[in-house]
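Here's what TrEMBL has on this protein:
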type     : residues              : note
ACT_SITE : ASP81                 : active site, proton donor
BINDING  : HIS82, HIS184, HIS213 : Zn(2+) 1 binding site
BINDING  : ASP103, GLU133        : Zn(2+) 2 binding site
Amino acid sequence: MSGKAYTYLQKAKAEKFAIGAFNAANLETIKAVTQAGINLKSPLFIEASPGEVAYIGVNQIVALVRSFEEDLNLPIILNLDHGTDPQMVKQAIDAGFDYVHYDAGKVEFSEAVTNARQLADYAHKAGIPIESEIDHIEGSSADHTEQASESFQDAKLYTNPEKAQKFISETGIDVFAGFFGNLHGLYKTPKHISFEVLAKLRELNPDTYFSLHGGSGIIEADVIRAISDYGIVKVNVNSEMRIAFKMTLQEVLNNTNEIAIYKVMAKPIDEVRKVVEGKIKLFGSAGKL
Ligand SMILES: [Zn+2]
């Protein structure tokens, strides 16, 4: 398969780096992410969850991202993040997304296989890759900083590599998102990765790409190891950006009488940009355009 998303997945795998997948909930986060990409000459995923897509509008987010991509001459892979409704995944493909993630973490295995196979065909006809998952990745992209990550890391819920292999071979998906300690969200204690699960997944599926969800608050050494030694090519980041945006905006608003909203946005955008730049450096995608 060719096309922008495939090109960068192949490059990332060959050169052992990962591309950050940053959630964009509004114009401000898109500005922050693209500025970081330009500053560090890094390819990017910009992604939106069904909730974020509903907020911005499916056609509007495509138009926005395309216009930034053209004006900045920056490759941006637009992804539907955690699409649980197959109809919505198809809608994103029809609207011009470059990549889709079908989340089958909450449906029976047989239904997951049927849906993922149909959606993989649909995505491939449009020339784009599809990511999928069958094990619900626990946690959420919320502020869990009062809770220890260990209380959510239940190894019984981790991906079964054999089951994943069956799913991948029966559906033809390109990218697999497993659960091996990588909770969604930011916690009081850093999250660690179960490399046993990841190693087995990779051994059984050498031609599959792997995506790491829950990229906020994982021990940095684990992230680096997952990318350099275990073939992770995409890392999702959301919570740390959300927290930076909200905290900074709150602080700015508490200290100004300014009513021109665009004027109070400069600082939150800049703080989110710093988070994104830190991740790009960690994932090794700087200079990989
Ligand atoms: Zn996720």
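Every residue gets a Cβ built from N, Cα and C, even glycine.
Small disclaimer: the values here were computed from a predicted structure and weren't measured.
Where TrEMBL records a feature, it is marked here on the structure.
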residue : record                    : CB count, 10 Å
ASP81   : active site, proton donor : 27
HIS82   : Zn(2+) 1 binding site     : 24
ASP103  : Zn(2+) 2 binding site     : 24
GLU133  : Zn(2+) 2 binding site     : 25
HIS184  : Zn(2+) 1 binding site     : 23
HIS213  : Zn(2+) 1 binding site     : 26
From ASP81, HIS82, HIS184, HIS213: recorded positions whose CA lies within 10 A of ASP103 (Zn(2+) 2 binding site): ASP81, HIS82
Three-state secondary structure, HIS213 (Zn(2+) 1 binding site) (per DSSP): coil
Secondary structure of ASP81 (active site, proton donor) (DSSP, helix/strand/coil): strand
